[in-house]
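What Swiss-Prot records for this protein:
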type: SITE; residues: Arg17; note: site 'Transition state stabilizer'
type: ACT_SITE; residues: Tyr22; note: active site, proton acceptor
type: BINDING; residues: Asn73, His79, Asp86, Ile100, Thr101, Arg110; note: substrate binding site
type: ACT_SITE; residues: His99; note: active site, proton donor
Amino acid sequence: MKVVVIQGPNLNMLGIREQRLYGPMKLEQIHQNMKTFADQNGMEVEFFQSNLEGEIVDKIQECLGDADGIIINPAAYSHTSIAIRDAISAVSLPTLEVHITNIHAREEFRRHSLTAEVAAGVIAGFGPFGYHMAMIAMHQILSELGALKEAQAKAQAQAQEGAKES
């Protein structure tokens, strides 16, 4: 069960940038907390951060065939990037969008997320704890998908066995 965590522009500045909005926690600590959860729950987690839209698109595309799910904070690109939205849609992987702040309670231009339209869910406004919530949700989603695939494979095997006996 592999999850790729993709962090967008300026998130490398957490702990320094606008602490009244984003708090004092650095991105490295958020990632360490996520890794701890992953280790405790049999998950593999990979982290990626970029300030460049094209690099984020490339990373999303690289997830196809390599990851089971994506947790993404597109940051400011949430509101503007059709390219990131289309990349998420193209890979068809369970994707959860995270925002540290409640984007719906901020400036008007931040209230609509293009990328949320293709995400399985959005977690916003819980500070760094939102990433932990995303890990819990992704674990549940991937566990359910795994159980479904297992049940389908079992049903298919039983159907083939039944066809052989006929």
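Even glycines carry a Cβ here, placed using N, Cα and C.
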Mind checking which of Asn73, Thr101 has the fewest other CB atoms within 10 A of its CB? They're the binding-site residues.
Thr101
Length of the line joining the Cα atoms of Asp86 (substrate binding site) and Arg17 (site 'Transition state stabilizer'), in Å
29
Do any residues at least six apart in sequence from Ile100 (substrate binding site), in the same chain, have a Cβ closer than 8 Å to its Cβ, and if so which, in order?
Leu14, Leu21, Tyr22, Gly23, Asn73, Phe126, Gly127, Pro128, Gly130
Listed recorded positions (His79, His99), ranked by Cβ neighbours within 10 Å, top entry
His99
According to DSSP, which kind of secondary structure is His99 (active site, proton donor) found in, if we only use helix, strand and coil?
strand
I'd like the Cβ neighbour count for Arg17 (site 'Transition state stabilizer'), meaning other Cβ atoms within 10 Å of its Cβ, all protein chains included.
11
Within 10 A of the CB of Asp86 (substrate binding site), the number of other CB atoms across every chain shown is 15
